[in-house]
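The signal peptide annotation in TrEMBL covers 1-28. The feature transmembrane segment is assigned by TrEMBL to 50-69, 107-126, 138-159, 166-185, 191-209, 221-239, 245-264, 313-329, 335-350. The Mg(2+) binding site annotation in TrEMBL covers N160, D220.
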Amino acid sequence: MSLLYLFIALLVSFIVCMLLVHYAHAHAHVTGDHDTTGVQKFHDSPVPRVGGLALFAGMLSTLPAMFVLENGYDAHGALCFMLTAAAPLAGGVAEDVLKRGFIKLRLAAMIAGTLLMIALLGWRVVRLDISSVDHWLTLMPLLSVCLTVFAVTGVTNAINIIDGYNGLASAVSMIILTSIVYIALKVGDRQIAILAISLLGACAGFIFWNWPRGLIFLGDGGAYILGFVASSLAVALVMRNPAVSAWYALVLMLYPIVETVFTINRRVFRKDNPGFPDAAHLHQLIYKRMMRWAVGSCDVADRKMRNSMTSPYLWLFSSLSVIPASIFWQHGHLLQLFTLAFVLAYLWLYRRLARFRTPKWLIFRKPTKP
């Protein structure tokens, strides 16, 4: 029965994306990304960047089925959660449409959504599986609230940071959501599983139009709803199910988290503003150091192909943390070791790429014509 929610969300998201793409000429002056020259821009023509609307529509479309097929508690909780997710979505879409920066507004929207989630659903970080810290989290609920706000807003921004190429953030989020669905079903938490599978289906409907052709972008709104929903569900899964290690939630999202922490550290070290974009993310180095060997032409079609060929490398890389998290979700000590191993792997790969020493076995070369 859970697959019904996936198909409903997929169909609705697909149709909304199709309409946004088909009628782009009518709304491109409002929704289009016309900046094709920025350091983080890799498209050659204006593209609608309101994919978040399709994702949210896909999730909302599953609510009627939930109220019919599920118990009232789960359905009402799902409705409340979608209301909380509307806050970061609205902040992101405002930036997608107005293109004015609004950094403080977007951050306020994320914080408001997280606080609303805590107030309506009670979902918060209650343990880290570190005894000394867990003791204080129990004694000081305010500390738990602050940590939840930090974690959810951090991951929400992290997904936005990795949203640099066609299919990158959406597919990485799909991998993360698949793990959440799997673990939620393992522990019998149906509400979390349904919410995760609804967004998973919505992502599937969106990615058809986003990868590899890049006909529509997530935008800030789409990245925010992916990060907010995935991080919130991970927090709830750990809180509601003592069998799930708190380290599961961290290892599950290591790729966007490590990318964000490393990005902040890099910008501070260079004395740059941590809030300003640059062109030195891992996915950008893969594009520059590896994809130019595969498709070296400057033609628009070849640029788009290089863009889309970058993402699968990061899908596989993010899986290096998601797969262990999904297998060893009950074993905190093992997950800590995987955390260390992943961070070292990230630093090794980044260093090799930055120093023009890309491992040859990672380079996909364009076949030579006979």
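Here the Cβ of each residue, glycine as well, is placed from N, Cα and C on the backbone.
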Next on the checklist: Do any residues, 6 or more residues outside the transmembrane segment (138-159), come within under 8 Å Cβ-to-Cβ of it, and if so which ones?
Outcome noted: 88, 107, 110-111, 113-115, 117-118, 123-126, 169, 172-173, 223-224, 226-228, 230-232, 235, 253, 256-257, 259-260
Next on the checklist: Any contact between the transmembrane segment (335-350) and the transmembrane segment (191-209)? By contact I mean 3+ C-beta pairs closer than 8 Å, pairs at least 6 apart along the chain.
Outcome noted: no
Checklist entry - Cβ pairs under 8 Å with the transmembrane segment (191-209): which stretch of 107-126, 166-185, 245-264, 313-329 has the most? => result 166-185
Checklist entry - What residues in the same chain, six or more past the boundaries of the signal peptide (1-28), come closer than 8 Å to it by Cβ-Cβ distance? => result 46-48, 50-51, 53-55, 57-59, 61-62, 65-66, 69, 181, 185, 190, 193-194, 197-206, 208-210, 215-216
Checklist entry - What residues in the same chain, six or more past the boundaries of the transmembrane segment (245-264), come closer than 8 Å to it by Cβ-Cβ distance? => result 125, 127-129, 154-155, 157-159, 161-162, 172, 176, 179-180, 183, 227, 230-231, 234-235, 237-238, 274, 278, 280-282, 314, 317-318, 321-322, 324-326, 329-332, 335-336, 338-339, 342-343, 346-347, 350
Item to check | Tertiary contacts of the transmembrane segment (313-329), as residues 6+ beyond its ends and Cβ separation under 8 Å | outcome: 162, 168, 171-172, 175-176, 179, 182-183, 186, 244-245, 248, 251-256, 282-283, 286, 290, 335, 338-339, 342, 345, 349, 362
Item to check | Local backbone state of N160 (Mg(2+) binding site), from DSSP in three classes | outcome: helix
